[in-house]
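First the structure, in the form of structure tokens, and then the observations on it.
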Amino acid sequence: MNRNDLSVYFIMGTSNSKQPLETLEKALQAGITCFQIREKGEGCLKGAAYEAFAKECQNLCRAYNVPFIVNDDVDLALKLDADGIHVGQDDLAITEFRAQANGKIIGVSVHDEQELHHAVKSGADYVGIGPIYQTKSKSNAKPPAGVNFLQKARSLYPQFPIVGIGGINEKNAAEVRSAGADGVAVISVICESSDINKTIRALSGEK
Ligand code: 3NM
């Protein structure tokens, strides 16, 4: 995968925004480089409604030529012919997705060196490292880890695509990039922004 695609990686589900499709389109116009649909939490869409919403998100991403990644759901990712999948520590999902969708992107969340080595060996295309800072968007998130492990991961794998996640905002994004991340993955800072253009410029390191 192209490391630049991780630069400003937007993640969203219907619980994160009152007008998710409008938010996604604004974010695409403003220059996000990757999108992940992550439909989790109370009242989240299921079945056909989820699939229809995912399809609308995918169509928007296609119009802007931005990779469309599905969180956790291998069946949906295959059915929609998504550009990739993002999984936690789920080896079966990696194997299954790779077997059926060779050439597509597989992202894996990792939290320590063992998980990092394992993800790289298992054929992940990128890893997500987090939560770097305190996040309110993931109910079962681990405690904030800061940038130390991110720095370590970069020194161990100088060329491997890495994105930082968790509590990243306009102010701290630069620290995450300097620590070695190719980009920042965010939910709330975009969903809650009153000026998505400005937020995305700041996240990407532009003034
Ligand atoms: N995964 P926000 S933190 C989806 O640490 C997710 O693996 C995390 O949302 C991890 O930008 C997180 O609002 C939530 O903090 C990120």
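Positions of Cβ are set from backbone N, Cα and C atoms, glycine also.
S109 is the residue from S7, S109, S155 that TrEMBL records in the 4-amino-2-methyl-5-(diphosphooxymethyl)pyrimidine site together with Q36, I37, R38, E39, K40, N71, K138. Maximum intra-site Cα distance, 4-amino-2-methyl-5-(diphosphooxymethyl)pyrimidine binding residues Q36, I37, R38, E39, K40, N71, S109, K138: 17 Å. Taking the domain 'Thiamine phosphate synthase/TenI' (8-190) as a whole, pLDDT averages 96 in the prediction. For the binding-site residues E39, D72, D91, the ranking by surrounding Cβ atoms (within 10 Å, all protein chains) places E39 first.
Checked against D91 (Mg(2+) binding site) by C-alpha proximity, the binding-site residues K40, N71, S109, K138 yield S109 as the nearest.
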